[in-house]
C-alpha cells in the first residue's frame, strides 16, 4: 500500500471499519494480511491424476464436476476421493440420486461405509436441500452428488409422463449453486457433482456433446474432469479392467488441459501400483529395459503386470517410488498404510 495516498488509505480504513460494524468481523479484509493462503486438497487416490490437478488432488472449499460416458469410471473416482478423505479422519456424505450406490464395491475401494452419510432423495429439490444442510453443518469434508442428470424437479415427478418441462432442471441447478457456493467455501468442503453426457441435435460442426443441468455448473465448478474409457485390460481370455483417461478441461487452481491415464480394475478400483509403474517410467525413476522393469538394483519383474504384482507384494518399495515422484512435483509425501488391523483379522480367523 506504499504507493497509495494517505487520505485514500484513511478513507479505505474508515470504509472497512463501517463494513465490519454492519456485517461483522472478517466480512472485509486486505488479502495480504492473511499471508499467502495454502490451497488444501484431498487426494484422488491416483498419483497421475493428483499431478494433473496440479495441487495434489481436488481443492477443498470448491465445486468439482466429473463427467463422461456410461461406465467410464466417474463414480469410482468420486468414491476414491471419499476413501482418501476418510483415511485422513474426514467425514463424507453421498447423495445417491440415481439410487445405484453399491456398498460392497465402495468398501472394496477403501470407503468406510459404516461412517459414510448416505441419502437417496425423491426429488432434485430435496437432494439439493439435503446437500445444503450437510455442507452448512461444517462437519463434512467431501460430499458427492450422483448424479446431476438424476436430479429430477418435483414438478416433473408429479406431472404426467409426456409433459414438457423445458429448462426446469437448469433453473433448479442455477438457484441451488448460487446458494451453495459461499457455504461450500466457508465450510472448506469438497462438493463433487457427477454428470452424464448428452448430444445436441442437429450439430454439423464442432463437438455435439454436452452435459445436462444447464450452464450454471460449468461456471461454478473450479475443476471439471472429462473421464473416458480408452481401452480394455485383458488377462488371458477375460477382461479384468479398463484403461482410463481423464482430461482436466477446467482448473481454477492450477494450469488446465493436463491429462492422466490409469487402470481401473474390476472389483478393485484404480490400480495404485500400475499408476506408480507408469509415472515412474515416465519420470525415469523406474527403468524399463525391453520387457524388464527395475528400480535401482531391484528388479520389479518382466512385463508390466509382474511389476505391478511385485509392488503389491512389496509396499515399502512402492511407497519409496511414489514419494520420489511426489518430491519431484512438490506434492505432500505419502505415508505407509497401517496393516495391523488386517493382520489381526487374519490371526483371529486362523485361531477360530
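A Cβ is built for glycine as well, from the same backbone N, Cα and C atoms used for every other residue.
Source: prediction; values computed, not measured.
Per Swiss-Prot, these features apply:
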type	residues	note
BINDING	68, 69, 70, 71, 72, 73, 74, 75	ATP binding site
Q: Across all the protein chains here, work out how many other Cβ atoms are within 10 Å of the Cβ of residue 73 (ATP binding site).
A: 23
Q. If you take the centroid of the Cβ atoms of 68, 69, 70, 71, 72, 73, 74, 75, the listed ATP site, which other residues of that chain have their Cβ within 8 Å of it?
A. 227, 229
Q: Note down the number of other Cβ atoms within 10 Å of the Cβ of residue 71 (ATP binding site), including every protein chain shown.
A: 11
Q.
I'd like the number of other C-beta atoms within 10 A of the C-beta of residue 75 (ATP binding site), please.
A. 23
Q. Which residue, out of the binding-site residues 68, 69, shows the minimum number of other Cβ atoms inside 10 Å of its Cβ in this structure?
A. 69
Q: For residue 72 (ATP binding site), write down the residues of its own chain that are at least 6 apart in sequence and whose Cβ falls under 8 Å from its Cβ; none is a fine answer.
A: 227, 228, 229, 242, 244
